[in-house]
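Read the structure below first, then the notes.
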Amino acid sequence: MWGHVERVHPDGSAVAAAIRSAARLARPSVPPVPNYKLSMSIPEWLQAIQTYMKMLQYNHTGTQFFEIRKSRPLSGLMETAREMTRESLPIKCLEAVILGIYLTNGQPSVERFPISFKTHFSGNYFHHVVLGIYCNGRYGSLGMSRRSDLMDKPLTYRTLSDLIFEFEDSYKKYLHSVKKVKIGLYVPHEPHSFQPIEWKQLVLNVSKMMRTEVRKELEKFARDMRMKILKPSSAHSPAKERSRGKSLSPRRRQATSPQRRACRRDKSPAVVDKKGDLATLNEVGYQLRI
């Protein structure tokens, strides 16, 4: 990390040496985690969350402080989000999405879904992700970025396509051309769910599509999401229809324990060696088992 600081900071190795050799450093400030109040409106609550993310600051160090694996279940990602609030370290766009989901849990009127962008600039491809928000018929977003107009958007956009086109226009200011847009499904409000986040239910190659086509696909997808008819691609196959009086569980063979089999064998008449007949018979004539 210090080598990265020496490469990118204007003062180079001098600032790194000054920090590392300092006897006493000021204790970093720890921003308080926002708490929802009944008097707050949803836009005010979203603004409080975004302000908290900005106080954590964007991570320019080149080192990622929190490991985020997209395939992890939601419960594991929420544990990472709790760690972010405890450590209060700078975050990047992917950490901001997980933190935004964590802080908006418990608000059933607020639907959250990931929006990913793949852009091209100066021969290189770049990836970015924000947390899309839908509430009361309006769209917005939460997130973190090096650019102030590529992270949070107010909850004022009437359609999902208006929100996506706003991001596309913001990218054009920095000479980035948007190649692909990926949109996931609504994230459930159950923090203990073992279901992973669906990150790319819809993938649009916007660089090869007209805006009218993009708008049509986005509005159809948004309508299906609002009607809750879309299912994750990782969902299990539908359950079989249960017949009356029949169980769906496979029939089990009645296994016989070794002890019971042994008892059954004991009940069979014993074959006594003729030479030992006299030794195992009592005076009444019954056989004695040893």
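All positions are counted from 1 along the displayed chain.
Cβ atoms are placed via backbone N, Cα and C, with glycine included.
Pulled from TrEMBL, these are the features on record:
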ACT_SITE  CYS93  active site
ACT_SITE  HIS128  active site
ACT_SITE  SER145  active site
REGION    229-271  region 'Disordered'
COMPBIAS  245-254  compositional bias 'Basic residues'
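Annotated features taken from TrEMBL, shown on the structure.
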residue	record	Cβ within 10 Å
CYS93	active site	21
HIS128	active site	23
SER145	active site	17
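With respect to their backbone Cα atoms, HIS128 (active site) and SER145 (active site) stand 8 Å from each other. Here SER145 (active site) is positioned 6 angstrom away from CYS93 (active site), judged by their C-alpha atoms.
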